[in-house]
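The next block holds one structure in the form of structure tokens; read it before the comments.
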Amino acid sequence: METRNIFSWIKEQITRSISVSLMIYIITRTAVSNAYPIFAQQGYENPREATGRIVCANCHLANKPVDIEVPQAVLPDTVFEAVVRIPYDKQLKQVLANGKKGGLNVGAVLILPEGFELAPPDRISPEIKEKIGNLSFQSYRPNKKNILVIGPIPGQKYSEITFPILSPDPATKKDVHFLKYPIYVGGNRGRGQIYPDGSKSNNTVYNATGAGIVSKIIRKEKGGYEITITDTDGRQVVDIIPPGPELLVSEGEYIKLDQPLTSNPNVGGFGQGDAEIVLQDPLRVQGLLFFLASVILAQIFLVLKKKQFEKVQLAEMNF
């Protein structure tokens, strides 16, 4: 009886340990996955505001270029490439969260027309798969398959991103029509300057929150500074500078309100662009080809008829 109780106790302890380990794993994985690929997913139902501005610009304050290339027209139920280019100087290094320097990551959001979506793996050709590499795309929301996001990914390798897109078929999707549609893209390189909660990252300028004399500068053990500013009335304010930005002021210096205390370490930025694509009706294409063929045949018959007429005229003149 006692032996059976011991086995029951051991079984209970093992079950608890497995449950706790599983919970820790799930929580850790969730924290990591929720942090990426794009912070905007956490706070915005739609990444494109009514003004046309993509919300990534709220955190990535510097304006940088981005380019998108898509076919001029596609047929229904066809896989095509949408190529997003995020150019930047590969020699640049950014300030990481720990204050050290490292390579820049890139990320992108692609806003497709309703009905367009990420192509399933079995529909993607080997040529496109080779261009995609090991990239993994995801929908912005489970119910928004036409909005795709990716990142952060190493910019050194993926400053050009190929999205495999499947066009819709109006024959099976009644809300889709043969029209010209807009496509919007946003792309960033490097870390943002502001977090979604409004707090600053260490990849931006820090300004003085008061005017006065810099009475004390304490360099923290793990990096960063604690700057004490004393005004003319003897009141003090303390500004905390995280590791990363370079300090521009020194003790005894008089500074003004909102004067930069640090350099701007940001070397990245965000850009957005757009393109247009036509969902082409196959019957319209066939009709166009038939029309062109008939025009060419008419021209040929006209030339032949003209030569025949010239021969008749020449024969009559000789007669």
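Cβ coordinates are placed from backbone N, Cα and C, and glycine is handled just like the others.
As written in Swiss-Prot, here are the features:
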SIGNAL    1-35  signal peptide
BINDING   TYR36, CYS56, CYS59, HIS60  heme binding site
TRANSMEM  285-305  transmembrane segment
| message | Below 8 Å Cβ to Cβ and six or more residues apart, same chain only. Which residues does that give for CYS59 (heme binding site)? | response | PHE39, ALA40, GLY192, GLN193, ILE194, TYR195, PRO196
| C-beta crowding around CYS56 (heme binding site), within 10 angstroms | 25
| message | Taking only same-chain residues 6+ apart in sequence, whose CB is under 8 Å from that of HIS60 (heme binding site), what do you get? | response | ASN188, GLY190, GLY192, GLN193, GLY268, GLY269, PHE270
